[in-house]
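Engineer: One structure coming up, written as structure tokens, with questions to follow.
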Amino acid sequence: MGSASLARSARRFASATTPPGAFSRERLAAWRHALHRQPELGFDLFKTSQFVADTLASFGGDMDITRGLGGTGVVASLRGGAGTSGRGIALRADMDALPIFEEADVPYRSEVDGVAHLCGHDGHTAMLLGAAEHLVSVAETLDGTVHFVFQPAEEAGGGGEVMVKDGLFRDVAADATAVYGLHNWPRAISKTLRPGGFAATAGPVMAGADEFEMVITGRGGHAAMPHVCVDPVLAGAQVVVALQALVSRSTSPLDSVVVSVTCFDAGEAVNAIPETATLKGTVRTFDEAVRKRVKVQLLDTAAAVAGAFGATVDCDYVDGYPPTINGADETAFAAACAARVVGADNVVFDEPPSMGAEDFSYLLHERPGAYLWLGGDSDYALHHPKYVFDDATLTTGAAWFATLASSALRADS
């Protein structure tokens, strides 16, 4: 979609646009900073989910608040007053922090040692809270239901998958026909996405990420007598090299695959060949068929190569988050809404997909939708100890979420 067609699409939703100026940056920043001071990990978001639920309840309106999906997930369902179409839309924000010591010098620094919001999920949560507060105030213009999904355990644990299994789209947001989310994307990551602008990519936007741990067992012995041993270090080294052929010789150059062996642990004594060697790593792909094939080939290759040296392999392969695949129609809609908020010139379509993984993919397995990136002004990348979320983007993200709902649930559409 070019800028001209994007502008035309955006004009369709002019009456439903919520500008960033409709939000108080100070109010949204206060919410973010409160969450930032008390970060929590994984599913153990007890203070965070209570803060979110209490804040949502303070907005009033015809809104049901459901707690307990995914353990500490929160879903607020706001019913519009402009009709009975039965339509619905789901908007998602992640809430969890990272097990990293914060080094940024900010007045609202984390008060929990070794835990910090260094991926901006506190900002995503504040954006969605802002959108919820605004949409409550204009609920009489909405024909349908907006479901605000606050999810735990994105960083690890697959909170999105757990919320789905707990009935997110079966029991709570059954009327949602699409789901949307975003992630802040700092300047340190992207050289093309402007701070405050959006990147919209139809198709694969983030990779699937699997993990493996393989134990190669040989026969230990004295380093001076390798001929009576089976050296798992040598076998392991050959396995590492052979796995790269899965990328360079077993996968089409048009398909993106990354196989990374990131840990190699074997032995302690300099004069002894160890009994075992342990390899750990990740596999990242954008295509489910490629993902399944590479898994089989990795297991077969490791066993065959190690076997050639007389060693055996025991591999624990963990299927992680699947690829995040944006729907074409939903991406066009999300981009048009973004253009209404920031202008068509500030929405780009050429930002390359990321090999990072995101469990929003589980929600996209249940409903079509789109996941956009929102540019931020930060010199440090996500997960860096000195990363600082760009508060200037809070009202932009909130406005985009609100515009999505207002446009999708217009009474005259």
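Every residue, even glycine, has its Cβ placed from backbone N, Cα and C.
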Engineer: Determine which of His134, His147, His183, His365 appears in TrEMBL for the same Mn(2+) site as Cys119, His121, Glu155, His383.
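Structural biologist: Answer per TrEMBL: His183.
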Engineer: Taking the Cβ of Glu155 (Mn(2+) binding site) as the reference point, list residues of the same chain whose Cβ is under 8 angstroms away and which are at least six residues distant in sequence.
Structural biologist: Leu41, Gly42, Asp96, Ala97, Leu98, Cys119
Engineer: Beyond the listed site residues Cys119, His121, Glu155, His183, His383, identify every same-chain residue whose Cβ lies within 8 Å of the center of their Cβ atoms for the Mn(2+) site.
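Structural biologist: Those within range, site residues removed, are Asp94, Asp96, Leu98, His117, Leu118, Gly120, Glu154, Leu382.
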Engineer: I'd like the per-state residue tally for the domain 'Peptidase M20 dimerisation' (208-302) from DSSP, helix first, then strand, then coil.
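Structural biologist: Across the domain 'Peptidase M20 dimerisation' (208-302), the residues distribute as 34 helix, 35 strand, 26 coil.
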Engineer: Mind checking which of His121, His183, His383 has the fewest other CB atoms within 10 A of its CB? They're the binding-site residues.
Structural biologist: His383
Engineer: Suppose you look only at the domain 'Peptidase M20 dimerisation' (208-302); what would the mean pLDDT be?
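Structural biologist: PLDDT averaged over the stretch: 97.
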